[in-house]
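What TrEMBL says about this protein:
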DOMAIN    18-124  domain 'Ig-like'
DOMAIN    257-334  domain 'Ig-like'
DOMAIN    614-712  domain 'Fibronectin type-III'
DOMAIN    713-810  domain 'Fibronectin type-III'
DOMAIN    814-903  domain 'Ig-like'
DOMAIN    908-1001  domain 'Fibronectin type-III'
DOMAIN    1014-1099  domain 'Ig-like'
Amino acid sequence: MWKREKNSTAIRRRSKTPGVMITQYSASLPEGKSTPDFQCKPVPVTIPEGKLAVFRAVVTGDPKPDVSWRRAKGTITDKEKFQRKYDESTGEHILEVMTATESDTYKCSAVNEYGKAVCTTTLSVIDGKSLPQQFFLYFFLYKFLCFSKEERAGGENDEKFWDALLNAERKDYERICKENGITDLHLILKKLEEKKKQRGQNNLSAVAQINISNQKLNQPGTEEDLLLMEFKRRFYRNNLGCSAVAILIYNHVFAVSNVDFVIKIQEINVEEADNALFECVLTHPLPQITWMRKGLILEDGEKYSITVSEHKLIHRLMIKDCNQTDKGIYSAVAGITSCSAWLVVEDHKSGGKKTIHKTTLAGGIQTDLEIVAKEQQLKNQEEMEKILETIKVKQAAEKVRNGKTLKINGEYCNGTDQHFRTEDKIHFIWGLSDVDAIINETAELTCKLSSDDYEGAWFRDGKKISSDDVFFITKDGPIHKLVIIKCAEDHSGKYRFEADGRKTESMVNVKDPPRFNPEDLCAFTEPLAIKVGHNAIFKVQFVGHQPIKIQWFRDGDELQDDSSAKIENSAGHSRLLLSRCQRKDMGEIKIKLKNEHGFTEALSKLLVLDKPSPPQGPAEVTESSASCIEFKWRPPKDDGGSPVISYMLERQQVGRNTWKKIGEMKGGPTYRDTDVDRGRRYCYRIRAVTAEGISEAMETDDMQAGTFALPGPPTPPQVVSAFHDCINLSWSPPSNTGGSRILGYVLEKRKKGSNLWSVVNAADELIKGLKYAVRDVVEGIEYEFRVSAVNLSGAGESSNPSEFAFARDPKIRPKFTKRMKNFMVVKAGNSVRITVNFEASPRPEIVWLKDNMLVSKRVTVSNSDCSSQLLIPSSERSDSGVYSILVKNLVGQETSSTEIRVTDDPKPPGLVELEENVPGTVTVMWEPSPDEKRDDRLHYTVSKLDSSKRTWTPVADRLFNNRFTVCNIVHGREYHFRVFAKNDMGISEPSESPTWGTEKKKAFEQTHVQRVFERVTLLHTATRGYECYMSCAVKGNPSPHITWYRNHVSLNTNTNYYISNTCGVCSLAILSVGPKDMGEYTVIAENSLGRAECSTLLSVRGEWGMGTHSVTLRSLILIFLFCLSFRLNKLRTSVIR
């Protein structure tokens, strides 16, 4: 097992694979080595209780990582329950949970010596008795009825929920429904009355129970009724009757959802004390989803805020006041799908406690979630409208065939009338949504019809309402709106809008949560500043439904009545009194109001002002000389709530009893005293001054003024570089500064052979740094240098002389720092620019050549000390060639070359002719392109179009001659050929050949003959990684066109599938079956007389997390569904005829 070094620095980063976090142990990696990463991370699994669950992961990394597994709710050491495997053929690390009994979160880690990669997944366990039937039967119903209506809350079918209602008082009904996610209280009350009637009828048969369940549906004419009627009709037609299996399918449509995530939750980085907000968007509305962390379900409360939008598509989780214990992986579970993301909590950078809590969103989310949700809502509505339209048309046609009388758009017609209309009535684009209103505020209900020709009517609890002082009704085209002007408690209830027999309903719940008076709230949030020892008073007024629980907090700790804090509460008013406040009492003050309708909070800040504490010592002497003492200290630890304005200083000479006031010094905590005597000792008193007063004094230790002392010699100067007009030097400061700071340096020079030293810099211009460029030199002369340091006492001893240095340029052989490209293609008429950078000393001679000859006068050459540029303003084809540059000086020479090709878009070839020299082949001949003689790199490409295909196929490329023989020519087909000219610049327009061959068209008799599938495709179950082959026979006159679909998406142009149609046998082959290939496959045959289709289902073994003992049950269900779907398809075909 790899272990991380103790002193290494970890770097955290995200992988390209979503949901994977990588920790790198060192800042750099050796060449060819890499940290672990997940190429394929384990996916969440949902299985029945007691079944086998399998997680698979593929990891990468060099050296090969070690893979380990962990779970949140325990260990995985039990080998009978957990088995870890490695498949060498696929590189998969596998964890098998032999008998899953509870939902859990699993973590997979991959570690090598350079880092670690971690990802998580979830295991969801559902009641094993009903899941297989629920899942597969719902899959069938969703595919053939496309049921996308919003699901009812799962609590409706929970026996515990009904037991709680039956044993509770009437006033508790609303609370129990809210806890179980039920919004339609009116419907629940109806069902509750029926439940009470059923209590004494335990001997009812299954069929009787089914009939009672059917009576609980909405009133006739609703969309649910139409779907149920169509559902029953299909089962009766297949001789199934209204059996318990059929009712199971209908009942579980609302309990098992085919929901998925349009936008998943993303990773969030948040500072401590801030709020973090996870957001996701679903494909279908759900009243609630499950939020989890470390295998535990999160609930709405003071720590977590769980909200859902009105259309039930956007779900949010807010983690309030984040700290280090909140970091980790959070999961959102919707139905049988889930998604996860990290919450990373970082330390608060600025220090101290935060007074404002920000809400942080995921960094990757840039999309407007409301827009995405609205688009998804419209998409779901369109699907429902299509389904309802199809069902109504089929019901109308069925009644007409049976001779029954129909009323369509207000007209009566019978089965013999062939000219009745089947147009649909109006429908809702969007319906009403439940509204939580605040008392004394406005509330709006809005819906939209498919037409603006209908007025409609509004009802409250079954009574019609109209515009008055309470309600305001408007109509803007197809949009109808009801506004409750000032909500009161008696305005709660069920509201309904009806138009032409269609209706939509919603609940309005008028609540009275606690609310602050806006003026008091504005005054409360302003920080309160008082002086130490005074009292602080916070007060605020509020309204809300009584009783209201009132709590006061200081820095998160709840305040209680005691000697220092007094809380006074009354109806609509609360007051907090903090007595004799000290500096330690300052901080954040919060009031929290809570009642049964909700809660609210308000924040303020208490500032307690006092004089500052003394400055902090000890004082540090920064300079001590015979004429001055300079020292510094640290500011007060506590400034008393006000910034330090200045410092007051006093001085005492050691040995005397009196203190001399120096005065008030503004600025930073430093002072330079120049009124000192050499060798005397002094001490100082320092006080801090703020707007609140003067602090106590801080007394320094004794400080001695320096004596007269010169600095020591610096190190000998070093020659950094030398040129003909400049010599660069550097040195180090002296080890002995003489007791005072160094003011600067004096530099001297001397020619070789001379005894006279001359000063380089002026006497009044000391050199402040430790390096200097000497420019007063004569080329070819040899010099030596020395330097001396200067402090407050004067110039010290000079350093030893440096080594001799010549004032001349260094000799450097020419060397290219930026070479030319080996090959360049330029379009004729464009400019050519070649730039070459080099190093050389002395300055070299530069020569440009073209094909080993000097360049022409059309070419402009620009040279400098370290670069050269060649420019051709407007290039021509004659400028093509090999260009070379020669850089030469006394030390050596260097050369570099590049090939430039000036060309243009090629012109197309000439006339194309075809001839057949050998049966089954065609020789394509063409006249050369006009550019062939001027461009030796020009070549040709030939493409072919077969009458049996729709795309052009390349048959030859890079042809440098003017003919090509095409093989495999089939007699009876038409062929077309195209010839292109290509060069380095591009490709020409094609030259097309005449048509070769004639397609044989069989004459057929115009009779009413449709396509009929002679052999239906069977149900297919394939093993992952193996090939799968599907086929069926079809006949028809005229010959039909065949199209394959997977999940209603055409596969004819998908290169991953091999499709053929030979002599009426339609085939589809999949070479390597994977999970993405699962679904419903449909083949459709069409000609001018009609169409026919047949379908099959393809499943892949091992992809649903079920054990081998459940394959038989699944196979039976799939065969049952397939046979049923085939009969429905035949029925649909007969209706179309």
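Quick reminder: no glycine exception, Cβ is built from N, Cα and C everywhere.
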DSSP residue counts for the domain 'Ig-like' (18-124), split into helix, strand and coil: 0 helix, 63 strand, 44 coil
Residues of the domain 'Fibronectin type-III' (713-810) by DSSP state, where helix covers H, G and I: 0 helix, 41 strand, 57 coil
Which of 257-334, 713-810, 908-1001 contacts the domain 'Ig-like' (18-124) most, counting Cβ pairs under 8 Å: 257-334
The domain 'Fibronectin type-III' (614-712), counted residue by residue under DSSP: helix, strand, coil: 0 helix, 50 strand, 49 coil
